[in-house]
């Protein structure tokens, strides 16, 4: 049992502290389910846990399973090496930033000591920059600690390989029932951890990637973040009112290269560009009302409708660009959200978490940001990000964290390639922003900063 406990603790160490995405085994008949625990060079994440079947109890079966596990651990070693290379590259950036901070601190002290001999404007600029960068220092220190944790992962995987080899020679002391219950428990904790570690704080947005040029100045397009594996259908809605036809393209490739689509007729015209497709249904705001409708594409029927009480509609509290955009529905890692404004909150943004089946409000947050001053907004990991406009130079400048009910002002450039953004939504499966930019369908990749945590799972 000592070796079993050691095996479990080693597996836990390897699983802690990375972004995790479930990957099922190629053969469902295998005795072990394996999830891998690292990131590849393209940023995709893999997580590994072992869950033996209850029926596997013979000595030969257990020997085979241990052999398979040993092979998986050897493969995991390569994955850890990829993670280590990536972490070390990021660590070099952290060290460089620390050097810049120290240099800036030195310069600041010099200016502060001789400020009477310097121009007041220069002094104020440097002081403001220092105030902006000082909060980064503890973050950088934490990231250095994470790099040491990855090094520990490497060492533990090497030890794990040796331990498994010894276990193969000591099958008589191997309590399989106990191991099974422990690993099932570990798997449950791991799934909860996967949700937690999948999130992060927005730190960057890529340049715009133009997918297609079509439609009018206003519209929306999207993919379903809960679509089954291999389902890459694209949903396309032109205009912000007086339209009820949704186009369905079979794939992103079809959407980009052809005009072959299936048309779905909604029972009511939509309002604005805040629609979202989620788990096979489209959620939209019925035109000239505060009614939210859930329409099932498979049955072509309304499966649920619900009024969003007190919310403004019909251009009462729209985004800065207008377009009956009073109610914006969106999805992130946590589920379905509605962004709107009310008289009770003086026209400022209200964030509501919605139940996807009943459309009832689970919880709401009131912000101090005027709805009409927002260019567009989107949710990532429970945080609402708001842009400062919809035309010309655009940036994400306001963030409201629902987990802490706090807000902050940020400065993240959003390339407004075609000078008029009328739709901006995040897809948690793609880790990308979908935008409708003056008759162009555009994608942005996002960078999320996520600190590896080593606390007990």
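Cβ atoms here come from the backbone N, Cα and C positions, even for glycine.
Just so you know, TrEMBL annotations are computer predictions that nobody has curated.
Keep in mind the model is a prediction, meaning the values are calculated, not measured.
What TrEMBL records for 1-25 is signal peptide.
Here the coiled coil (66-114) returns a mean pLDDT of 67 for the predicted model. Residues or ranges marked as coiled coil by TrEMBL: 66-114 (among others).
The coiled coil annotation in TrEMBL covers 150-196 (among others).
For 198-450, the entry in TrEMBL reads domain 'Olfactomedin-like'.
The disulfide bond feature in TrEMBL is assigned to 199-381.
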Enter the number of other CB atoms within 10 angstroms of the CB of residue 199 (disulfide bond). 18
Cβ density check for residue 381 (disulfide bond), other Cβ within 10 Å (all protein chains) comes to 20
